[in-house]
Structures are given as C-alpha cells and as structure tokens.
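A.B. asks: One structure is given below, represented as structure tokens, and several questions about it will come after.
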Ligand SMILES: [Ca+2]
Ligand SMILES: [Ca+2]
Ligand SMILES: [Zn+2]
Ligand SMILES: [Zn+2]
C-alpha cells in the first residue's frame, strides 16, 4: 500500500524507552489501529497519517484497553495488540456508552443452524458449548433460539479457514483473530478453524465464551469498553465460572428488553419478508415506475435499489420489502445521488450533494459524512469496476476514476464518459457492476448493459421496471423482450465476478 513509506518517517518518535522499534513493528501497530477502527484512512487529502493522529489513535486504544494512556507505542500496548481477539472493529468513537448497539432483530424468536464443528473437540462437547452460548443471552433477555438441522436459519454458525467461498472476510491462521460475526439481521457467525478450540480447560481457546461473544454481535451488540465484559474485543481467557458482565446484560436488554415470563409469549412475530405496504402516503416510491436515485451490488451479492427515502432489494425472484434507508443505514439522508459498494475494502459509499457517507455493513464509519473536495458535488451515479478495483463516479457527461487506497491524481478528470463507455447516455440516474460481470447504466425508466468491450450491448436500452423490478406492463406485452439477456433471468452459473471481463483494460 502506498501510504506505508509515507508515514514510516513520522513514526520515529514512537520508540520504546531503551529499545528502538523496527519499521515492521510500527507497521504492524498502524495496521492494527486501522483494522480495528482506531485510525481512519482519509478519503480526501493526503494519504500519510499525521503523528498526532496516530498518537490519538493509540490513546483511544489504550483507553479502551484500560492501559496507561501515553499515546506511545509502549510495551504494554504492543503486548495488548498481540493478544487473540475478535475480528470486528472497536467502538473507538464512543466516549460515554459502555456497551455499543449495532442493530437488532425485529423478532425475538430466532432459529439457528450449526453448519459444521471444529476438529479439536468431540462433536457432542462442541455442540454443547455452542448451545450454552445461546443460553447466556436467552437467560437475561426475552429471546428464544430454536435449532434447525436443515434449510434457512436466522443465525448460522460455521468454522472456516483463511479463505472461504462463503465469507468475504479472511482469517489469519492460529492466534490473533479468533472469530467474526455479522450484525442483525444477517446472522453469520464464523470461527477460525485454525484455532485450538477447547472446553473446560485453560489450554487453547474456549469455544463457549467466544461463541457467546460472537452471538452478542449477531444479536446487535458491539464491543464493550469493559475489559471484563464478554463483549470486550480482546479474549480474556478461559473462566471456569464464566457469566455475563452487567454491561453485557445492560446492552442486550437495551435491545430486546428484560427477561419477563409474562411478556415472553406475546413476542411480536415480524416476518423477515413483510409484504409490501400498498397504501402509504406518497413518499413511498413505486418500484414499477422504474426510476431510481441509485443502485448498488452490495455485500454478499445483494442488489439494493434506492429511491426517495426508501431502499429495497432486487432478487431473481422479485423485490424485497421497501425499507426506510435510514432504518438500515443510520444517518443516511433521503434522495441520494449515488451508492456504491467496494468489495476491495468492503466499504459502502453513499453520495449526496457535497458529502460522502461510508459504512461497513450498516455501521457508519467514524468521521463520516465527509465533504467531497476533489470531485464535483451532486454526482449522478457511481460504480465499482472489479477489473481494475476502482470506483467510478459520474456526473453529466464526465467521470472520475478513484482508487480508494491510494492518492488519486484527479487533475485529468473528469473525462468524457463516451471515451470509455461507448453508447452510454449522459446525466445517468444510477450505475453498477453486477454479479453477471456486466456494467449497467440506468437513466429514467431505461437501462443499458455493456458488453466486454464496454460498448452498449445489442437490444438496449430496455425497461427497468419490466426486467429489473419484475413489474408486469399495464397493457399486455405481446412482444416480450426475448428473455435471453434479461439480467434477472441469468442463472447462478452466470454469476461470475469481474474476472469475466478478462483482458479489457482502461485506456
Ligand atoms: Ca486466527
Ligand atoms: Ca443518481
Ligand atoms: Zn467482537
Ligand atoms: Zn467468515
């Protein structure tokens, strides 16, 4: 990464008394601060970190870790950074709250499924440890968990190694990161298969405690600042008489209420897929109008369409329910200009006016929204191009190509859209690269698919409402649009990633 040589020079004062730290140790420390959310790479401005930013990040980390707050990379700080821990970010920007809430399920009866078990424990022992992990939470909050052995489940527990085709996060071999989980209502809980998972011993890593911690995330809790809390980011080791910390209890009860036998049965059974509410006041958009503010291929291959203050998912079989976008992405304004998800960084960017919002899943990154300084405000559209891992921003007849992780020289931008994407209109409504490997542009009620040479494919533009939103035309359509290349007709074997674009390269 480009920033490394830049900041190394600044880090010279960060030496431990008595022994100078090597560049690799400083790099590792800054990587840690970045990875766990104590330090943010600037979207705008120079890429090197200022010494005071690093010291501020170190102070935040030390405070959160209950270490002496020196702002220096001292021995205690380095030792803490090398301890095994959870893969999720820490709530570095939370100054007052002890527990942190990331989201909640809209139902209290949840199903779960154990997809595989670790090789280091007898299956019965491992299963019992996982089941007990659920009980810690169901004993203090009005939650019930029901195991299913097949089919869909709200919460899915599995063990995977460094890479997994089902998970966009990686693990790191033995030690360091032990597990990670998704926030509601996603439900994935993953354990690093390279750890030595144990039960009832001080050796290895206790499966029950780590599972309880990750379930805390899956239920909506973030990291706690109490180092003795279950939701502390660093694994505190095996405790024979483990129980939840008062901060863990306060957090889960803030989300789901207190355990109360009288109210336990009258839980609201809100289905995940609620039918579309037909008679809402006018602000609720009609997906069949075909008009969009923004569209993106989001995390886990989900397609999100935005209009007004609403968002819905577009699947092969139809549309998901309409949600207030700000209910999913807290703090997000209505009437977005553009939205794009980068699989490279797993950041979601939303653009509106002269500001950009950045989220990880549904969590706003600290310091955002930020002002757009180096590209024009009021963008039309944005997309991520997997071939070169760049983000493209569109406005009027021009585009910018932006590298998220390097300082981009924008002096030659905007460039004419037509020079790169042949046959595409100006003043787009929305754009995205989709999971079939094609780039799509949307304008008004129509959309365009680009072929491998980045030319508009034959037979386009087509009708957004008909082909993307599964809306039947008002007048029976006697000339259906062939069906050969309608985006949603493509089967799973067409869902290739950008590598399918092959040798195409930017001028
Ligand atoms: Ca690990
Ligand atoms: Ca737009
Ligand atoms: Zn965690
Ligand atoms: Zn995973």
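Note that Cβ sites are derived from N, Cα and C of the backbone, with glycine treated the same way.
TrEMBL: automatically predicted annotations, no manual curation.
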A.B. asks: Pick from 440-473, 474-507: which range does TrEMBL record as region 'Disordered'?
C.D. replies: 474-507
A.B. asks: Pick the one from 254, 327, 334, 339 that TrEMBL also lists for the Ca(2+) 5 site with 295, 382.
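C.D. replies: Checking 254, 327, 334, 339 against TrEMBL: the Ca(2+) 5 site match is 339.
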A.B. asks: Based on a Cβ-to-ligand 4 distance below 6 Å, what subset of the binding-site residues 86, 190, 195, 231 would you report?
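C.D. replies: What lies within reach of ligand 4, judged by Cβ under 6 Å, is 190.
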A.B. asks: For residue 337 (Ca(2+) 4 binding site), find which of the binding-site residues 173, 190, 382 come within 10 Å, Cα to Cα.
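C.D. replies: Those near residue 337 (Ca(2+) 4 binding site) - Cα within 10 Å - are 382, in sequence order.
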A.B. asks: With the Cβ under 6 Å from ligand 3 as the test, give me the qualifying entries from the binding-site residues 86, 172, 192, 295, 339.
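C.D. replies: Within range of ligand 3: 86.
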A.B. asks: Determine how many residues of the repeat 'Hemopexin' (285-332) DSSP places in helix, in strand and in coil.
C.D. replies: 10 helix, 19 strand, 19 coil
A.B. asks: Measure from each Cβ of the binding-site residues 172, 223, 293, 337 to the atoms of ligand 2 and list the residues where some distance is under 6 Å.
C.D. replies: 293, 337
A.B. asks: Quick check on the binding-site residues: of 154, 293, whose CB has the lowest count of neighbouring CB atoms inside 10 Å?
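C.D. replies: Checked 154, 293; of these binding-site residues, fewest Cβ neighbours within 10 Å: 154.
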